[in-house]
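Chemist: According to TrEMBL, the record shows the following:
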- 17-132: domain 'Acyl-coenzyme A oxidase N-terminal' (DOMAIN)
- THR138, GLY177: FAD binding site (BINDING)
- 278-439: domain 'Acyl-CoA oxidase C-alpha1' (DOMAIN)
- GLU424: active site, proton acceptor (ACT_SITE)
- 479-656: domain 'Acyl-CoA oxidase C-terminal' (DOMAIN)
Amino acid sequence: MEGVDYLADERKKTEFDVEEMKIVWAGSRHTFEVSDRMAKLVANDPVFRKDDRVMLARKDLFKNTLRKATYAWKRINELRLSEEEASKLRSFVDEPAFTDLHWGMFVPAIKGQGTDEQQKKWLPLAYKMQIIGCYAQTELGHGSNVQGLETTATFDPQTDEFVIHSPTLTSSKWWPGGLGKVSTHGVVYARLILDGQEHGIHGFIVQLRSLEDHRPLPGITVADIGMKFGSGAYNTMDNGLLRFDHVRIPRDQMLMRVSQVTRDGKIVQSDVPRQLVYGTMVYVRQTIVQDASIALSRAVCIATRYSAVRRQFGSSNGGPETQVIDYKTQQSRLFPLLASAYAFRFVGEWLKWLYTDVTQRLQANDFSTLPEAHACTAGLKSLTTSVTADGIEESRKLCGGHGYLASSGLPELFAVYVPACTYEGDNTVLMLQVARFLMKTVSQLGSGKPPVGTISYMGRIEQLMQCRCAVKKAGDWLNPNAVLEAFEARAARMSVSCAQKLSKFSNPEEGFAELSADLVEAAVAHCQLIVVSKFFEKLQQDIPGKGVKRQLEVLCGVYSLHLLHKHQGDFLATSYITPKQASLANDQLRELYSQVRPNAIALVDAFNYTDHYLGSILGCYDGNVYPKLYEAAWRDPLNDSVIPDGYEQYIRPLLKQQLRVAKL
Ligand SMILES: CCCCCCCCCCCCC/C=C/C(=O)SCCNC(=O)CCNC(=O)[C@H](O)C(C)(C)COP(=O)(O)OP(=O)(O)OC[C@H]1O[C@@H](n2cnc3c(N)ncnc32)[C@H](O)[C@@H]1OP(=O)(O)O
Ligand SMILES: Cc1cc2nc3c(=O)[nH]c(=O)nc-3n(C[C@H](O)[C@H](O)[C@H](O)COP(=O)(O)OP(=O)(O)OC[C@H]3O[C@@H](n4cnc5c(N)ncnc54)[C@H](O)[C@@H]3O)c2cc1C
């Protein structure tokens with residue numbers, strides 16, 4: 001059976017050039033080549049084996065992660081990998097580790113919020129991993145409300161130092177990844193106090209552990225916060241707690257790009273906005289949007305391949321049963337997720353561009369696009385992670401009973417992914433930020449300042465409030481202008497409706513709180529419009545390869561029309577479409593599913609995932625699922641012996657007791 005491709009017939013149905021689609025998915029030929037090389041490097045190295053992860057007890061699991069992370073660093077240096085290659089290699093190792101926070105938050109926080117001198121001092125140490133850092137912001141009592149953090153940093157002019165202190169139990173830092181057992185340093189967020197006066201939240205570089213023996217420095221209490229959701233999963237990470245008892249650090253360890261504290265204890269604001277203290281979160285939210293397409297595509301790849309292998313019912317005259325992927329219900333659950341993975345890939349690509357653009361502008365002291373960048377990163381992080389987490393769970397259900405097995409890879413993927421809905425900002429809290437941005441935009445309409453970027457459609461508010469959908473037959477829903485206008489009209493009308501209701505409140509904050517559920521819905525509509533419009537923009541590009549652009553047009557249709565179908569209440573309630581037009585959209589959607597069907601396997605092959613990275617028997621490339629499931633069952637430690645441990649102690653006496661009862 002070895003070497004047989006059970007999905008070969010499926011692959012023969014493909015109507016487009018898969019190799020070219022791989023380049024589109026990766027973003028460029030260069031990125032594809034780097035990814036492909038790094039994925040194979042990891043897959044072929046036994047040190048990076050991960051199939052035993054869910055069986056390991058916490059201490060072994062954690063030590064194993066330390067071993068892999070250290071080995072990855074050794075390989076990165078031996079092979080002289082570039083930053084891009086190293087980051088890909090780490091992502092294919094596919095195990096949350098302290099290095100994620102070191103490279104993903106500690107280094108960016110210093111880069112974004114440190115002065116040139118501070119960067120010169122700290123970055124070389126961090127780049128060589130001579131120090132290991134974490135991002136210590138959240139506390140036991142406050143996460144979302146950053147202004148509510150309680151840790152204090154009081155300037156002592158006598159010694160030219162800050163005194164970092166945890167005044168209450170709830171001020172204990174709680175959650176930072178890499179803090180519990182590994183980090184030697186942290187960027188710690190605390191309330192700045194100068195001469196008895198508070199000056200808001202700022203970041204400070206604080207050494208936590210000795211570089212000699214790794215013991216916590218005097219005044220520092222640090223530990224892991226304990227087991228988290230699921231087996232394996234995020235338990236490879238040492239999320240930590242941290243308390244300070246009047247810990248002293250030199251004045252120059254406050255990150256001073258946004259505000260400086262002078263030798264005599266005065267605060268000087270530079271001309272950059274104070275929101276830049278939140279800059280690291282903007283950066284990470286943008287990377288999380290890119291990662292969403294990866295996590296969702298992994299789940300979809302597993303569910304699609306397995307749906308083509310799995311057969312249930314429908315056999316006549318002893319012929320084969322129906323592949324479950326041919327059931328329209330399966331398609332209507334699976335194909336929108338496949339389309340969403342592609343949609344998130346393209347919006348992630350665009351968001352990366354937006355982030356680079358805003359960063360360049362900030363360097364030139366142009367802060368005009370910061371509010372939009374904040375709204376886009378917050379909203380798209382919220383939207384894509386919510387859909388991805390739900391999509392992974394739906395993929396598990398699409399695989400029936402076998403999806404519940406750890407060897408399907410889906411339970412662990414869900415457990416490792418789902419906190420993305422919470423970290424880097426709770427998804428509801430972030431959508432409320434988008435809503436604030438929308439309400440501000442609506443209130444400024446007509447002020448002479450035309451809305452730009454993702455909000456520019458609001459500049460056509462009068463037209464969007466009055467227009468009616470022109471669709472007459474199902475095929476009209478393939479017209480990008482018809483779809484875009486529908487999403488724009490829905491988003492604009494929902495925002496305006498909220499703004500009108502808000503204006504009736506004498507206290508706007510009270511109104512905002514009262515209407516917050518409606519405001520979140522308006523923000524979701526706006527974010528979905530961004531994703532749809534960026535998919536259409538992608539289709540404007542020159543896309544080579546036989547049939548590639550055509551497949552992407554089909555997926556774009558699936559993405560937008562499934563949203564229109566799912567949220568038809570919004571489109572109907574805002575009176576843009578009629579019930580008949582909603583029904584035509586659904587007819588067109590069904591037709592598009594039929595066009596996806598022969599290409600489904602090739603569309604997931606285009607993700608180019610190795611079997612190692614997928615980590616799923618149900619999703620393996622050759623589709624040889626059943627023998628692999630059978631063999632995996634025998635590898636479970638419970639099957640090491642025929643008679644289980646505990647038989648003598650529990651089962652035997654129980655059976656004997658039943659025997660005695662039966663004799664009576
Ligand atoms: C298999 C695949 C696996 C994938 C794995 C991926 C791995 C990725 C690694 C990720 C590792 C995760 C590690 C997690 C780390 C963390 O979680 S760090 C902690 C993150 N914490 C948060 O995100 C806290 C959320 N809260 C906030 O961001 C803010 O406080 C707030 C809620 C957004 C604002 O609260 P509020 O009190 O209303 O705000 P103010 O402080 O008063 O500011 C108001 C004005 O500032 C604007 N603003 C807010 N945030 C920003 C920003 N980031 N940038 C720019 N501007 C901002 C806001 O719009 C207001 O503006 P005005 O209206 O103009 O006044
Ligand atoms: C796996 C993981 C890793 C993490 N890593 C780090 C890290 O490295 N560093 C770090 O500093 N932090 C980290 N965090 C913490 C994380 O950033 C916070 O948990 C997150 O920001 C949410 O804050 P919270 O826990 O205070 O939630 P809460 O704000 O307490 O949320 C509880 C509920 O209240 C609702 N809610 C809160 N405020 C509002 C509001 N204004 N309006 C309406 N509803 C509201 C929320 O929607 C949610 O339903 C991590 C968390 C997790 C789970």
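Including glycine, each Cβ sits where the backbone N, Cα and C put it.
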Chemist: State the count of C-beta atoms found within 10 angstroms of the C-beta of GLU424 (active site, proton acceptor), not counting that atom itself.
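Modeler: There are 24 of them.
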Chemist: Whole-number Å distance between the CA of THR138 (FAD binding site) and the CA of GLU424 (active site, proton acceptor)?
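Modeler: Here the two Cα atoms lie 10 Å apart.
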Chemist: Near GLY177 (FAD binding site), which residues of its own chain have a C-beta under 8 A away, given they sit six or more steps off in sequence?
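Modeler: GLY177 (FAD binding site) has long-range Cβ partners PRO96, PHE98, ASP100, LEU101, CYS134, TYR135, MET237, ASP238, ASN239, GLY240.
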Chemist: Taking helix as H, G and I and strand as E and B in DSSP, count the residues of the domain 'Acyl-coenzyme A oxidase N-terminal' (17-132) in helix, strand and coil.
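Modeler: Final tally across the stretch: 90 helix, 0 strand, 26 coil.
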Chemist: How many neighbouring Cβ atoms, not counting its own, are there within 10 Å of the Cβ of THR138 (FAD binding site)?
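Modeler: Its Cβ has 18 other Cβ atoms within 10 Å.
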